[in-house]
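Sequence annotations record features per position, and here TrEMBL assigns active site, nucleophile to GLU105. The feature active site, proton donor is assigned by TrEMBL to GLU109. Annotated domain 'GH16' per TrEMBL: 26-219, in sequence order. Under the heading N-linked glycosylation site, TrEMBL lists ASN113. As annotated by TrEMBL, transmembrane segment applies to 12-31.
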Amino acid sequence: MASSSTSSCVKLMLLMPILVSSMIVATVGNLNKDFDITWGDGRANILNNGELLTLKLDKASGSGFQSKNEYLFGKIDMQLKLVPGNSAGTVTAYYLSSKGSTWDEIDFEFLGNLSGDPYILHTNIFSQGKGNREQQFYLWFDPTADFHTYSILWNPQRIIYSVDGTPIREFKNSESIGVPFPKNQPMRIYSSLWNADDWATRGGLVKTDWSQAPFTASYRNFKADACTWSSGASSCSSTTPSPSSKRSSWLSQELDSASQERLKWVQKNYMIYNYCSDTKRFPQGLPPECSA
């Protein structure tokens with residue numbers, strides 16, 4: 001009996017790494033199941049059995065993809081590795097957007113730059129077709145050297161942008177003072193890599209160096225804890241079973257004191273533009289949400 005028991009234990013120990021590995025693989029999202037390539041004529045590809053998505057840009061065309069699902073509130077994570085080297089003139093856009101003339105949108109845009117100069121992370125929020133809510137940041141790492149996680153938390157009270165778990169921006173619901181908030185229109189996830197050398201780098205002074213093409217941005221480890229929208233109904237409607245504690249946590253999540261301190265640290269040290277400080281742009285007074 002002892003030898004049989006020992007043999008079983010040894011077999012189990014040998015199997016454990018395989019079992020753990022299988023569980024880890026099972027938790028990795030398959031990008032084929034979540035996204036459709038929408039344009040680029042072969043310049044966008046989903047590789048490695050759905051674990052990696054790449055977008056390419058050359059002089060003829062950029063490329064892009066969109067999510068199969070629409071979402072109405074959620075926590076969306078994606079790991080990106082941006083175009084390395086001389087990326088001046090290029091823009092990698094990753095955003096949520098609805099359709100129509102009064103659309104809602106939550107933007108990450110990564111503005112390329114000359115080798116050695118930092119990327120600019122450009123954020124903007126549109127509600128009912130109105131944007132002009134830009135905040136821009138430098139990052140505290142090289143976003144081209146490895147993958148980093150870019151997250152959007154969107155619930156009825158606020159929108160929080162985060163990078164590697166560190167909040168960089170919070171946009172609160174200010175409907176009480178007449179500011180529209182994205183809460184009624186389901187949005188898809190979109191991403192594209194495209195040439196914007198008429199404005200992207202130093203206001204268009206630095207043009208794209210096509211000798212460096214093709215430019216490539218890479219994506220992996222997509223995760224959505226979110227309410228999906230289908231046939232006019234949300235998966236989080238009151239007719240569905242009670243939300244899990246995990247789901248309900250993001251539906252009411254706000255920044256705790258530690259996160260607020262991290263947000264202040266980023267905005268003090270890495271924010272390079274804030275529309276709420278641009279009195280020259282808004283001579284009649286800053287937008288009302290800036291004082292909320």
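Any Cβ shown, glycine's included, is placed from N, Cα and C.
Predicted automatically and left uncurated, TrEMBL annotations should be read as such.
Given the structure is predicted, the values throughout are model-derived calculations rather than measurements.
Everything TrEMBL records as a feature, shown here on the structure.
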{"residue": "GLU105", "record": "active site, nucleophile", "contacts (Cβ under 8 Å, 6+ apart)": "TYR95, LEU96, SER97, SER98, ASN124, ILE125, PHE126, GLY131, PRO182, MET187"}
{"residue": "GLU109", "record": "active site, proton donor", "contacts (Cβ under 8 Å, 6+ apart)": "VAL91, THR92, ALA93, TYR94, TYR95, LEU121, HIS122, THR123, ASN124"}
{"residue": "ASN113", "record": "N-linked glycosylation site", "contacts (Cβ under 8 Å, 6+ apart)": "SER87, ALA88, TYR119, ILE120, THR201, VAL206"}
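The domain 'GH16' (26-219) scores a mean pLDDT of 95 in the predicted structure.
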